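According to TrEMBL, the features are:
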{"type": "ACT_SITE", "residues": "HIS113", "note": "active site, proton acceptor"}
{"type": "BINDING", "residues": "13-32, 95-98, 180-182, 206-208, ALA224", "note": "NAD(+) binding site"}
{"type": "BINDING", "residues": "TYR57, ARG60", "note": "substrate binding site"}
{"type": "BINDING", "residues": "CYS121, CYS124, CYS140, CYS143", "note": "Zn(2+) binding site"}
{"type": "DOMAIN", "residues": "1-237", "note": "domain 'Deacetylase sirtuin-type'"}
Amino acid sequence: MTDHPRTIFVLTGAGVSAESGLGTFRDRGGIWARFDPMRLATPEAYAADPDTVLDFYDHRRRGAVAAEPNAAHVALAQTEARLAARGGRLFLCTQNVDDLHERAGSQAVTHMHGELLKARCCACDAVTPWRADLSRADRCPACGVSGRMRPDVVWFGEMPMHLDAIEAALAWADLFVAVGTSGAVYPAAGYVRQARALGIPTCEVNLEPSDNADAFDEARYGPASAALPRYLAELGL
Ligand code: APR
Ligand code: ZN
């Protein structure tokens with residue numbers, strides 16, 4: 001084992017973007033306390049009422065575009081560069097659909113729940129950048145069919161993305177860190193136990209103990225913008 005981790009697997013959730021002003025889902029007053037996910041974040045909801053679903057995601061997309069990365073996003077981007085310079089790697093797997101990790105400078109971000117800034121055509125599956133409000137009348141730039149565009153995000157009941165790459169990266173990690181996630185949604189919530197089973201040290205950085213806090217070897221509690229840079233500095237990164 002080197003004197004510092006060579007491959008860190010970092011899993012982020014909505015808490016890492018909370019101090020950038022983006023809502024979390026399950027905190028008091030969270031998104032799912034104000035909106036019904038079954039009416040807004042399922043394929044059935046989109047089929048039944050696409051305009052309402054598109055409006056909801058347009059609103060979230062505009063919020064994400066207006067937000068700025070915070071010190072937690074920046075610390076992860078800097079750590080990615082430092083590890084790469086030493087021949088190591090930071091594998092950043094996010095459940096978030098905003099682009100704050102990318103805008104903070106992270107070069108390799110795996111969005112397992114998709115991305116708000118991309119739209120997908122239900123007719124041909126082509127994914128295109130989504131910059132302006134999306135309406136049902138919009139035509140797919142790839143196949144020209146209109147009325148079939150949706151946000152390229154993973155809804156409840158749909159399979160998360162990039163699962164093979166995530167599993168492979170987890171197997172190579174020297175350290176598993178979860179940041180700003182409640183541990184409520186699988187498969188992401190199960191990664192800490194998979195890491196433990198592989199003998200990989202684990203740490204959660206969160207505002208408060210998550211649903212699977214007991215599965216972590218260590219924890220650093222507090223706002224991610226302060227707790228995460230401090231923890232990474234402790235690791236000599
Ligand atoms: N710093 C660190 N952690 C924070 C902060 C903060 N400033 N603010 C909130 N948190 C923590 C909360 O304590 C909570 O444990 O972030 C976590 C957010 O949990 P959720 O709202 O459940 O978000 P997340 O874990 O990302 O949800 C997973 O659920 O609905 C789906 O697709 C959605 O990707 C999302 C998934
Ligand atoms: Zn198409």
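Using the three backbone atoms N, Cα and C, a Cβ is placed for every residue, glycine included.
Overlay of TrEMBL annotations on the structure.
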residue : record                       : DSSP class
GLY13   : NAD(+) binding site          : coil
PHE25   : NAD(+) binding site          : coil
TYR57   : substrate binding site       : helix
HIS113  : active site, proton acceptor : coil
CYS121  : Zn(2+) binding site          : strand
CYS140  : Zn(2+) binding site          : coil
GLY180  : NAD(+) binding site          : coil
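Ranking the binding-site residues GLY21, PHE25, GLY180 by the distance of their Cα atoms from the Cα of TYR57 (substrate binding site) places PHE25 first. In the predicted model, the domain 'Deacetylase sirtuin-type' (1-237) shows an average pLDDT of 95. Every protein chain considered, the tally of other Cβ atoms within 10 Å of the Cβ of SER17 (NAD(+) binding site) stands at 26. Contacts of CYS121 (Zn(2+) binding site) defined by a Cβ separation under 8 A and a same-chain sequence distance of 6+ are given as VAL127, THR128, CYS140, ALA142, CYS143, VAL145, ARG148, MET149, in order along the sequence. In sequence order, CYS140, ALA142, CYS143, VAL145 are the residues near CYS124 (Zn(2+) binding site), counting only same-chain partners six or more apart with C-beta under 8 A. Counting in whole angstrom, GLY21 (NAD(+) binding site) lies 11 from ARG60 (substrate binding site) by their C-alpha atoms. Checked against ligand 1, the binding-site residues PHE25, TYR57, GLN95, CYS121, CYS124, CYS140 give PHE25, GLN95 as the ones with a Cβ under 6 Å from it, listed in sequence order. Following the DSSP three-state reduction, the secondary structure of LEU207 (NAD(+) binding site) is coil. Among the binding-site residues GLY13, SER17, GLY21, ARG60, GLN95, no residue has its Cβ under 6 Å from any atom of ligand 2. Using a 10 Å radius centred on the Cβ of GLN95 (NAD(+) binding site) and all shown protein chains, the other Cβ atoms total 23.
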